[in-house]
Amino acid sequence: LFNGWSNTSVVTEFILLGLSSSRELQLFLFLIFSVFYGAAVLGNIFIILIVITDSRLHSPVYFLLSNLSFIDVCQATFATPKMIADFLSEHKTITFQGCMSQIFFLHVFGGSEMVLLVAMAYDRYIAICKPLHYMTIMSRKVCAILVGVSWAIGILHSSSHLAFTVDLPFCGPNKVDNFFCDLPLVIKLACLDTYVLEILVLTNSGLLSLICFLLLLISYTVILTTVHRQSPGGTSKALSTLSAHITVVVLFFGPLIFIYIWPFESFPIDKFISVFFTVFTPFLNPMIYTLRNKDVKEAMKKLRSRNVGSK
């Protein structure tokens with residue numbers, strides 16, 4: 001074992017064990033995930049295009065929504081295409097550089113999305129509790145700053161992970177029991193006592209997740225309390241307005257809560273959570289926002305009638 005760490009790593013690639021070793025099941029999963037990945041990417045790109053092309057959606061809430069869709073496209077793409085290709089491959093390997101890249105992008109997109117969800121909750125707070133000042137407070141400049149801050153925090157959060165991971169000594173074990181390079185699983189392969197590193201990873205990710213989750217809870221509580229105080233019958237209307245956003249928050253933070261309860265223990269459900277986080281959440285988000293949002297549905301109808309008219 002190494003007492004300190006240096007870049008004397010002899011591992012040049014990692015083996016990804018994937019979701020299953022059954023050839024028949026892998027072919028089935030190839031078809032299933034190809035469909036879900038395609039739908040996730042197309043659905044989110046569709047939302048971005050609708051927000052850009054429809055002038056009625058040129059407002060802060062839809063600007064933030066289009067940025068959420070962009071992050072979801074990135075979240076779905078950092079590992080899923082390789083997973084789909086690996087279903088048809090016998091040797092599921094990834095280079096050391098590729099593995100570090102996956103770790104970096106996972107935490108960039110995950111961290112950015114967490115902060116962006118807080119920004120979207122702040123937007124709803126201003127819209128519901130201070131409607132007369134909404135356009136003044138949520139100016140284009142403020143929206144751009146909120147999005148910029150979400151990306152900056154995501155990059156900073158991810159860089160702090162990568163700073164100590166990239167120079168860890170990997171001198172033999174190189175099998176990762178997942179379909180992408182998950183940071184806790186990769187750290188465990190290092191040739192040194194990783195207990196302190198595991199605590200650092202848990203503290204870094206757990207602290208950001210906890211702060212964002214608490215800010216979201218506070219914003220929802222303030223919104224509902226304010227609405228109930230102003231109009232006791234308006235609470236249900238406020239809940240209806242917030243329902244899509246709350247659903248997305250639950251889908252995002254639900255898996256994270258499980259991950260941070262047992263961060264360095266391996267369970268069969270871990271792979272399902274990884275799939276849910278990287279494929280199904282980006283797939284579900286566009287459906288949640290389009291099915292529950294009257295403005296987006298109107299914009300879709302308008303776009304459809306415009307295409308029919310041009311034909």
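Glycine is no exception: its Cβ is also placed from the backbone N, Cα and C atoms.
Ranges compared are 7-25, 273-291, and TrEMBL records transmembrane segment for 273-291. The recorded stretches the transmembrane segment (100-122) and the transmembrane segment (239-261) share 3+ CB pairs below 8 A when only pairs 6 or more apart in sequence are counted, and are therefore in contact.
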